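**Q** TrEMBL lists these features:
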ACT_SITE  LYS149  active site, charge relay system
ACT_SITE  SER224  active site, charge relay system
ACT_SITE  SER248  active site, acyl-ester intermediate
BINDING   LEU198, SER224, ILE245, GLY246, GLY247, SER248  substrate binding site
DOMAIN    104-570  domain 'Amidase'
Amino acid sequence: MEKVEQFLRGVELDNRTLITAAACGVGALVLMVRKVTSHREANDKIQRARNRRTESLQRAEQAVLRHKESHPTTDSAAILKLSLSELTKQLREGLLNPEDVFYSYMEKTLDVHKQLNCCTGILLESFDQLKTIGSNKDGLLYGVPISIKENIAYKNHDSSCGVLINLDQPVHKDSVLVEVLKRQGAIPFVKTNLPQGLLNYDCSNPIYGQTVNPHNLQKTSGGSSGGEGALIGGGGSLLGLGSDIGGSIRIPASFCGICGFKPTAGRLSSQGVRPIYRGQKSVLSSAGPMAKDVESLALCMQALLCDHMFSLDPTVPPIPFNVQIYQSSKPLRIGYVESDGYMQPSPSMARGIREVKALLEQAGHTLVPYSPLRMDYVATELLVKGILADGTTTLLQKLEGGPLDPCLRAQVIPYYLPKWLKRTLSFLLKPLSPRGSAVFNAISGVRSVSDLWKQHAAVEDYIQETIADWRRCNIDVLLCPVIGPAYNFLYCGKVTPMLSYTMLYNLLTFPAGVVHVSTVTAEDEEELKDYKGIHQDHWDKLFKQAVSGGEGLPVAVQCVALPWQDELCLRFMKEVEQLVKQSRD
């Protein structure tokens with residue numbers, strides 16, 4: 001009897017083992033099925049988005065061919081050579097008709113896209129808008145085709161920010177900026193590419209791929225408004241809208257040889273300009289214009305800063321564009337930055353500042369040396385910790401459900417580490433790499449709500465401290481380097497400390513713009529061989545690799561003013577642009 005009981009207990013144990021094994025097997029199978037299903041759903045989403053793009057491009061191509069057949073005498077080459085101010089004048093006077101302008105730019109955009117992969121889709125509604133454009137003849141941008149960054153809302157189109165989780169969610173209405181542009185007679189006709197998740201200054205995502213530089217196809221166009229930079233730099237658009245949280249307008253403008261302007265935070269409406277996540281208040285984003293010249297930026301700002309925008313978005317202060325300040329010619333007292341003390345500029349960045357400084361002095365302006373305050377502290381404790389105060393949790397949630405783009409991988413892999421490990425690495429790295437230690441501490445985020453409030457207070461204090469420092473130096477505006485020249489592929493995510501040159505002015509909320517002033521010379525390339533950097537660490541070595549092989553690429557400078565002095569900033573940019581042009585002539 002005892003043996004029978006032992007046998008039965010053994011059978012019972014074997015059954016439990018079998019049941020447990022079976023349950024584990026079923027669980028593993030369920031997980032595998034879920035993973036396969038999720039992978040298939042992700043691929044299906046990506047394919048649908050790509051199909052929508054392909055269809056829009058094909059339909060636009062067919063429309064262009066039909067127009068060319070019925071209008072064989074249209075001189076598209078002459079239209080494409082006109083500046084925005086010349087184009088608007090001829091449209092207003094009836095010397096050109098909007099249809100010829102629209103189709104000339106549509107054809108050029110399709111050609112540029114084939115070479116640079118800069119568009120996420122043609123806005124086919126623009127063909128219908130063209131038919132009724134005569135009702136907006138009084139608009140400042142009457143008949144002007146305009147490109148918009150993919151994250152700027154246009155009715156019935158996705159604003160994906162390059163992440164799968166946002167696909168197949170077409171917005172229900174236009175952003176305020178798009179509404180105002182339409183009221184001013186502009187025709188938004190194409191959406192442009194950006195990096196996965198926006199918080200990167202390359203321009204690649206798993207949905208639409210890598211956008212390349214119009215001056216060198218082996219270089220990136222920059223980002224996150226990189227599709228805009230490439231399209232305008234390649235001649236497919238003469239005016240575009242981007243957004244900027246850390247240099248996202250200014251860096252692609254620098255890389256692609258055009259002009260870009262980040263207004264004071266809050267000067268333009270942000271309704272319908274989609275960030276990758278909301279709620280972050282330390283480093284503020286701004287939408288702004290990108291174009292071939294400063295005059296076009298000013299005209300766009302003048303068109304946007306109108307009663308219609310102030311009515312649609314009452315949170316925007318009703319301050320119209322001050323033409324008098326923009327057209328002023330009084331001598332300025334200009335601070336100039338040679339290095340921010342955190343990252344050493346490339347030889348071409350430094351030379352651009354020296355040459356523009358000399359031109360400004362010759363023109364009668366006063367130049368005084370200036371250094372941003374406490375950049376070692378600001379770069380990590382206010383900039384990185386501000387943007388990633390939640391310890392990167394929300395960004396990683398937004399990246400779920402799809403592949404990680406190669407341009408982003410090096411940047412975000414450390415984000416996936418648990419917070420305790422990030423803080424441990426920060427402690428261990430302190431004697432070996434102080435800068436690396438500070439970054440690991442910063443991407444760990446803040447520990448509590450009270451610490452977040454302290455961080456916000458520190459940002460407010462720093463803004464006031466900087467304004468007081470400007471007044472102590474008695475400077476009107478600031479001339480400083482902007483990242484450049486255009487990087488080799490896959491380096492933007494590896495050299496994030498270089499963003500100190502642009503993101504600082506998002507933290508400060510100061511208006512800032514970029515003007516193309518030169519090109520990289522053989523001498524710059526030779527000097528780069530001796531580049532060591534300030535800290536002589538991993539990032540300095542990577543930056544040297546990132547900008548190598550840049551001969552002939554655009555070089556730019558950055559112009560900055562105090563908050564709400566956007567017109568003064570644009571006036572300063574125009575001054576730089578004109579002096580550079582005169583020196584070339």
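Using the three backbone atoms N, Cα and C, a Cβ is placed for every residue, glycine included.
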**Q** Around the substrate site formed by LEU198, SER224, ILE245, GLY246, GLY247, SER248, which additional residues qualify by having Cβ within 8 Å of the site's Cβ center?
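**A** Those within range, site residues removed, are LEU199, ASN200, TYR201, GLY223, SER225, SER243, ASP244, ILE249, ILE251, SER285.
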**Q** Tell me, how many other CB atoms lie within 10 A of the CB of ILE245 (substrate binding site), whichever protein chain they belong to?
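**A** Counting Cβ neighbours of ILE245 (substrate binding site) within 10 Å gives 23.
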**Q** Cα-Cα, whole number of Å: GLY247 (substrate binding site) versus LYS149 (active site, charge relay system)?
**A** 14
**Q** Could you check the binding-site residues GLY246, GLY247 and say which one's CB has the most other CB atoms within 10 Å?
**A** GLY247
**Q** Cα-Cα separation of ILE245 (substrate binding site) and SER224 (active site, charge relay system), in Å?
**A** 9
**Q** What are the sequence-distant neighbours of the residue listed as 'active site, acyl-ester intermediate', meaning same chain, six or more residues apart, C-beta distance under 8 angstroms?
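**A** The residue listed as 'active site, acyl-ester intermediate' has long-range Cβ partners LEU198, TYR201, GLY223, SER224, SER225, GLY242, SER285.
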**Q** Comparing the recorded positions LYS149, LEU198, SER224, which residue's C-beta has the most other C-beta atoms within 10 angstroms in this structure?
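**A** Of the recorded positions LYS149, LEU198, SER224, the most buried by Cβ count within 10 Å is SER224.
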**Q** Where LYS149 (active site, charge relay system) and GLY246 (substrate binding site) are concerned, what is their Cα separation in Å, rounded?
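**A** GLY246 (substrate binding site) has its Cα 16 Å from the Cα of LYS149 (active site, charge relay system).
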